[in-house]
Every structure is written in C-alpha cells, then in structure tokens.
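Record features (TrEMBL):
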type	residues	note
DOMAIN	115-511	domain 'Amino acid transporter transmembrane'
TRANSMEM	147-171	transmembrane segment
TRANSMEM	211-230	transmembrane segment
TRANSMEM	266-286	transmembrane segment
TRANSMEM	306-326	transmembrane segment
TRANSMEM	338-360	transmembrane segment
TRANSMEM	380-405	transmembrane segment
TRANSMEM	433-450	transmembrane segment
TRANSMEM	456-478	transmembrane segment
TRANSMEM	490-509	transmembrane segment
C-alpha cells in the first residue's frame, strides 16, 4: 500500500513539474527567448548549422560584391539588413583562432594595427569613469546620505558586471566548439538581437541613445565651464550665460576637426591635472576634519530629489559605449575581466571617499559643483584648471557624436538619408560644416536655457546612462546567450533590468520636474 501511494505521488509530482516547465518555456518563447529542453536539443543543433551556413553565404556574397567593379549599373543594391552581422559591410572573420577574430578600431582582422595592454585599456576606462562628473557626487550624497554611498558601490558592481556580459555577447561558438568573436560593436550586438525580423532596429536605437548621451555630455561641458567661470570671478559684470557663450566661441573650431590627433596630445595632461585637482580638494577637506558634520549624513532620503542622485551616480560610471572596441584592441582579451574589476574597484573607492569627505566638509551647503564651495583664492585657481579640462574634453564626445551621425545618416551607401558630407577629394562640404557648427550652437543654446549641471547630469544618467549600462546589456545577454546561462545569471540579468528600469523612469521624471521647477524659478526672478 505504501509503495503504491509513493508511486502515485511521484507520478503526480512529475506531471506537475513537466507542466510547469512547459508553461515557463512557452512564456519565454512568446518573449522571444529560446528554452533549451532535451527534446529541442537536436532542433537547436540544426538551427545552429543553418545559421552558420547562412553567415558563410553572407560572407561569400560580401567578398564577391567587393571584388566587382563599383560602376556596375546593373547590380542591385543590397537589401537592408543583409549585412547586419558586420557594420559597414566588412567581411566576417574566419571561424579559426580567437586572434584572427579580434580586430582593431572596430573592424575584424586588424593584425597590422598596434594593440594595447590591459594597463592601457584600464587607463582608458579610468578616464571615462573618473572624469569631471565626479564633481557632482557630493551633491548626490546631500540628497541620499548613506544610501547614496551604497549606490556608488552598487553602481560600480552592476556596471562592471554589465560591461562583462556586453563583451560576452560579442562571442559565439563555431562548429568546432571554439569561442570566436563574431561581432565588433554595441550596434552589432543590438542588430543581432533584433534579427531576423528587424535587423537594423536595435542598432538605430543604440545609435540614438549614443548620440543623446554624447551631445548631453557636450552640453554639460559648456554648462560647467560657464558655472565655474562665473563663480571664480563673481565681481566681474559677466553672467553665467555670457561665460557659456565665450566658452562656445572657443569651441567653435571643433567643427573643422577631421581627427583627434591634435586633441589627444593634451588628454593625458588634462587627466593628470584633474587628479591633482581632486587631491587638492580632498586635502582642503582633510584640513577641516575637526569640523566634519557626521550628524548631517542621514539614513533617510529626499524622495523627490534622491532619484536625481541615482542618475548622477549612474552617469559617472558610463563606459559601455566604447568597451567592445577597447576589448577588440587589447593584446590579451582574456585580461578584460581582470581589468574591469580593478578599474571599477578603484573608481568605487575614490568616488566614495571624494563624495563623503566633500559632503562632510560643507554638509547642507554642498553645491551642484563641489569646487564652488572652496574659498575664493583657491576656487579661482582650481576652477580655471577645470575649465581648461572641460574645453579640451569637449572635442572628444563632439567628434564621436558627429561620426555616429555621419555614418548613420550620410555614409551608408544606398541606405543613407542625405548626401555624403565629404567630397571626392575628401574635403568637408560647406553644408556638412554648417551642420557641425549648428551642433556646437545647439549645445550652447541648451547650456544657456538649462544651466543646471546636476539636473542635466541626472536626466542624462536616467535616460541614456541607465539604458546603455543597465537595461540593454542585461536584455541582450538574455536574448543572445539564453541557452547557456545558469539560473543565477538569469536572476542577475532580470534583477538588473527591473531595478534599472525603475531607477531610470523615476530619475527621468524627477529630473524633468526639477528642471521645470528651476525654469519657473528663473522666469519669476
């Protein structure tokens, strides 16, 4: 009797388990994910073979089309989406060694181009996540207290993790079971996730997010330049808007840039100067350690302004845009994970100490840009260095935004929306130069009408920072590598997507409310 009862219970449990597994598989299938059950293993293997043959066919078609003369009038233009595995129509790598798959400068097969070491790659990541926007972190502590400090640590952990899974999406196993690099950029990953129905939709979404973030970064450089100059020389009859106009006049030659060779010479000097400035600020704060207001660091949060702090913290960690290119240029791509670990640990420690020490020094008097709290004699010198760094940093995001716009709208062959910006001799056309100048003027207008550094930084971090650092990497990881993920990886990805989505929406809404309120206050004044 006991044996019969036990067998019936076993049968019922097995039936319930099978039904639950079928429901979960069906749910993920409707969401676009593939659930790899035992019965489907053969089918997936067959699909992998077909996919490999399809990509090999694409590669042969591309090579064939490159070998044909360009003046063939009878040749049909490529169908949009046919070459979504490689941006720009470059051929896919052979499914051989990993070294052959990794290219430099956003292209596969760049063996002749110099590679960078893990230390050099780490220096690039450090420049991205330890830049001028660290100056807004004490303001985040003002509205978040100890929870703000926790978020600085949490954002470092999450951004480090999403950077790693984003790079994992660049690789696939070939027919020999070897892991090879089959994609070269964030855009290629996004296109692969939307294929085959919408092979270019994901890339366009990523391009739009990149352009918004890059242009907003340029706007922030103009805003912070005007703010710093105005607070450095309050006795002069020059308003913050006027200082922003002067800064933009200095930046107008950026419209003539064809490359960043001239600007890159100053990048190392500017970064070192910024580290020196951070040390000076911390040294001044330490000199006033007796007056630190520990009682002002609270455990409760300002519900209305704390979501803005989340955007500020997230924006200070954004580096995912260029990680695929950076990893592709490393001598030893296997060292990428280690590099991400130590760069984000260092950033977390330095940002946390800087934000806490600065807030303890000025407490409720903490301003949006922390150097505005310094005494007049020190503030002028420090701010002049920061303005110089901001002006020399402006060309980098500006040139990147121009490149994305030109490649997306002007240089995609038959898919271009507008004529090319360059003539046959390689010179920039007059209307192309006009568009570049218009972009510089647009950053000026935004800086004049929305001169609020922290609010703009929070808005950008909530809109594009959370999307590019939290939402899209976790979604792409689930979409492309679902069959290989362990349960805890799925849990992390889903949790990051949900938490990132909530923080993004709340931060965006509260940042907009803050900007509207600030605009109304300025209008009344």
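Residue numbering: from 1, along the chain as shown.
Yeah, the Cβs are placed from backbone N, Cα and C, and that goes for glycine too.
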Can at least 3 Cβ pairs under 8 A be found between the transmembrane segment (338-360) and the transmembrane segment (433-450), with each pair 6 or more apart in sequence?
no
Highest-contact recorded stretch vs the transmembrane segment (211-230), from 266-286, 306-326, 380-405, 490-509, CB pairs under 8 Å:
380-405
Using a threshold of three or more Cβ pairs below 8 Å, and leaving out pairs closer than 6 in sequence, do the transmembrane segment (433-450) and the transmembrane segment (380-405) count as in contact?
yes
Does the chain bring the transmembrane segment (306-326) near the transmembrane segment (266-286), so that three or more CB pairs sit under 8 Å (pairs 6 or more apart in sequence)?
no
